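Going by TrEMBL, these are the annotated features:
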type     : residues  : note
TRANSMEM : B:7-26    : transmembrane segment
TRANSMEM : B:79-98   : transmembrane segment
TRANSMEM : B:110-133 : transmembrane segment
TRANSMEM : B:154-175 : transmembrane segment
TRANSMEM : B:181-200 : transmembrane segment
TRANSMEM : B:229-253 : transmembrane segment
TRANSMEM : B:265-286 : transmembrane segment
TRANSMEM : B:298-321 : transmembrane segment
Amino acid sequence: MPEPTVVTATGAVVAAGYFQSYSVVGLLAVVGVLFVAVAFGAGRLLRPVVPTPEKLLTYECGVDPVGEGWAHTQVRYYVYAFLYVIFAVDSIFLFPWATVFAAPGYGAATLVEMFIFLGFLAVGLLYAYKKGVLTWT
Amino acid sequence: MNDALDVALRLLVVFVVFLTFPLIVGQTEHKVMAHMQGRLGPMYAGGFHGWAQLVADGVKFAQKEDIVPAGADRRIFQLAPAVALLPYLLVLLAIPIGPGEGAVGQVVDAGIFFVLAVMGVGVLGSLMAGWASANKFSLLGGLRTAAQLLAYELPMLLTAASVAMAAGTVSLPGIVAAFEWWWVPWQLVGAVVFFVAGLAELQRPPFDMPVADSEIIFGAYTEYTGLRFALFLLAEYAGIVVLCGLTTVLFLGGWHGPWGADGLGWVWTLLKAALLAFVVIWLRVTYPRLREDQLQKLSWTLLIPLSLAQIALTGIVKVVIS
């Protein structure tokens, strides 16, 4: 692995720790994939394979399937999806701020900023509520 | 060489926990549910109070024929259980059970971030299953899963942010290290919201609309058999372990307790997590299933405003005391 180009010694230590912790995560992912592969492979050896056309039919409570499986449906809650994207992106910004807002030198001003931010979120939610987005149509 | 051994040992422990704890929760669910309903539950397998019931189930699942419906999107259909299961394995690595580096699989700096992000991937498995099955019931179940994720991921994120504010760090061991007993009443609303949202994300009753058996058979998992079906079930119980562990670490002070915070801290973590797992089972027996619109309404009109209020409260208290 090429060394990350960092200027200071502490930076190098931080970067090394960073890569080390996530490489362990990667290793565990490899273990997980191996586990699934072994399970599926062993399953292949253990189980019977006797397919019949009836067995491979789509299951619809015992009667023959009507039409295609990938059918049109009305997704009633698609507006929630927009709301979610907006809110989720906003709330991500809370995390970096959360770790420093009470540090010396920040204090009350940062808190007021947070209330403005929360106010925006609350007003957005209230607006959606008033518009009737949050009630079932 | 020592480092490699150390890492291997940690991975092994996490993996063993991942394979055994969900089974223990599952067996407890069998027995607790049964006794709450005036039944005995499994009594035969293994001899003593049916302790080996889930092992027997596993053997049964491994011997069953693996059916992929003719109309299904074969590769996606087969991969979906793995996608649903593996994120919980990765999350377990980051949950600390005791103080110090020795009692956590791996310290991940941005712990909360990592955990929430990876847990979100699990839902992708249900979506893949729902779409690839080419079955109307599966598709509906998949869509409901997606809607539930949209609604309940947000209160989870917000309440986790509230804890990060209280502790001033996003690292999980850092949060538990900063914990004081009065955080419990201070973060109580956040804790309840987090736990409820987590239940909803796991599709546990009373939030099991996506797998509502009386209307859409078994949702996204309708077409699955044998081993792949077992992996989906394992994912659900691994999810319970992860949720209870996370709630313990974030809101209940993890290894802190009246005695033995140094050597026996991990006992406290496990006890608290076990208690929460019992509550999860208890809720399943107690509450009827919420309707789809009630599900959405609960989250958007109650949980999200509550979590915003919790963030405001956390901010004020934190600035006042510092």
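Glycine residues also receive a Cβ, built from the backbone N, Cα and C atoms like all the rest.
Annotation: stretch B:298-321 has the most Cβ pairs under 8 Å to the transmembrane segment (B:154-175), among B:7-26, B:229-253, B:298-321. Ranked by the number of CB pairs under 8 Å to the transmembrane segment (B:298-321), the listed stretches B:7-26, B:181-200, B:265-286 are led by B:181-200. Stretch with the largest number of CB pairs closer than 8 A to the transmembrane segment (B:181-200), among B:7-26, B:79-98, B:110-133, B:265-286: B:265-286.
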